[in-house]
């Protein structure tokens, strides 16, 4: 099953990247990087439902462990899932701080200078060194700063430093990785506020509104052709008596003839699109798109209400800021936290729903990035267009998705804290 899911994810990533990348500016290394990063994002998001399923599958309905799930087996399953999290998160760190920046700067250098490959690699590594430095600083802060050092009056400075390294060795660097991932999660929260929130409204509205049909675009194109032809006739009528055209009129004629050729090429392109089977298929499922758009609006409202109630519960009944707003139990139950335990009675409806929720956030994020483009504050850097997206834009898209996935894994705990924490496990009353 996992092998089939992995193959399906790779196929989807390949189709998605090939669909949006520019045919003229495509590069093998950037294409492979985009496919790999997008696959890592989807696999990381799919790990949470797998985690919930594995911990729930080890128990019976009466709260006892199954015969095969003894202490060693359950510990092996938990360790496997834990190693899966750390492996994927380490890959995300590698992609965000090393691989994607290196490929981006390598391609930028290739566009500016068509010299030898060695100089391009050296320049790309030089710029990537800044990202590596930031990653190293985060790892060092996470490794040493959060530790509680026993305050002994007679201990020397060397003993304190030695204790730091002993604590770092005993945790195998997991605290450093956790701090780095948490720092990226904060950036992912900003990306989710920008792109995911927009995608949750843009995706259903685009499905309801639809796109301009090829027939309507062809009609507008025909009107533009007629208008350009009439302007050409008016200008050329000035030289019917043998007088030559002025230099200004000749430039205008050249521009209009070039525009006329472009419009006629577009007319042939729209004609082929209008006759294609894909256009006819999209027109046939137009009512279904409207239904899906309305459904996605309802889902977005459900998520908004659930997040609001969950965060309000933390603000009113948690242990406070010092404990990270930890809450014991639920006082304000949100709709999703009620629905998922009810669906546990019919296998596998709860797993289908939690997987759908995770995938919904990913695809709405992709829709938000696709509609908005890549922005840096108020400046638009790149556009995401079908068949015309530059390699740098695809790399940025994948990096933003990796950051959003980290935040999504955290946000799911606020949507349904009870279910996500314990799954469908039952416990024996002592």
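Using N, Cα and C of the backbone, Cβ positions are placed for all residues, glycine too.
TrEMBL does not curate its annotations; it predicts them automatically.
Over in TrEMBL, the protein carries these features:
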type: TRANSMEM; residues: 28-48; note: transmembrane segment
type: TRANSMEM; residues: 83-107; note: transmembrane segment
type: TRANSMEM; residues: 127-147; note: transmembrane segment
type: TRANSMEM; residues: 174-198; note: transmembrane segment
type: COILED; residues: 246-273; note: coiled coil
type: TRANSMEM; residues: 290-309; note: transmembrane segment
type: TRANSMEM; residues: 351-372; note: transmembrane segment
type: TRANSMEM; residues: 393-413; note: transmembrane segment
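Same-chain residues lying 6 or more positions outside the transmembrane segment (393-413) and placing a CB less than 8 Å from one of its CB atoms are 17, 20-21, 30-31, 33-34, 37-38, 40-41, 44-45, 48, 89, 92, 95-96, 100, 103-104, 181, 184-185, 187-189, 191-192, 195-196, 307, 354, 357-358, 361-362, 365-366, 369, 373-374, 381-384, 420-421. Averaged across the coiled coil (246-273), pLDDT in this predicted model comes to 79. Residues 86, 89-90, 92-93, 96, 135, 138-143, 146-147, 168, 361, 364-365, 368-369, 371-372, 375, 400, 403-408, 410-411 of the same chain, all 6+ positions outside the transmembrane segment (174-198), place their C-beta atoms under 8 angstroms from a C-beta of that stretch. Sequence-distant contacts of the transmembrane segment (28-48) (same chain, six or more residues past either end, CB-CB distance under 8 Å): 5-6, 9-10, 12-14, 16-18, 21, 81, 84-85, 88-89, 91-92, 95, 99-100, 103, 106-107, 354-355, 358-359, 361-362, 391-392, 394-395, 397-399, 401-402, 404-406, 408-409, 412, 420.
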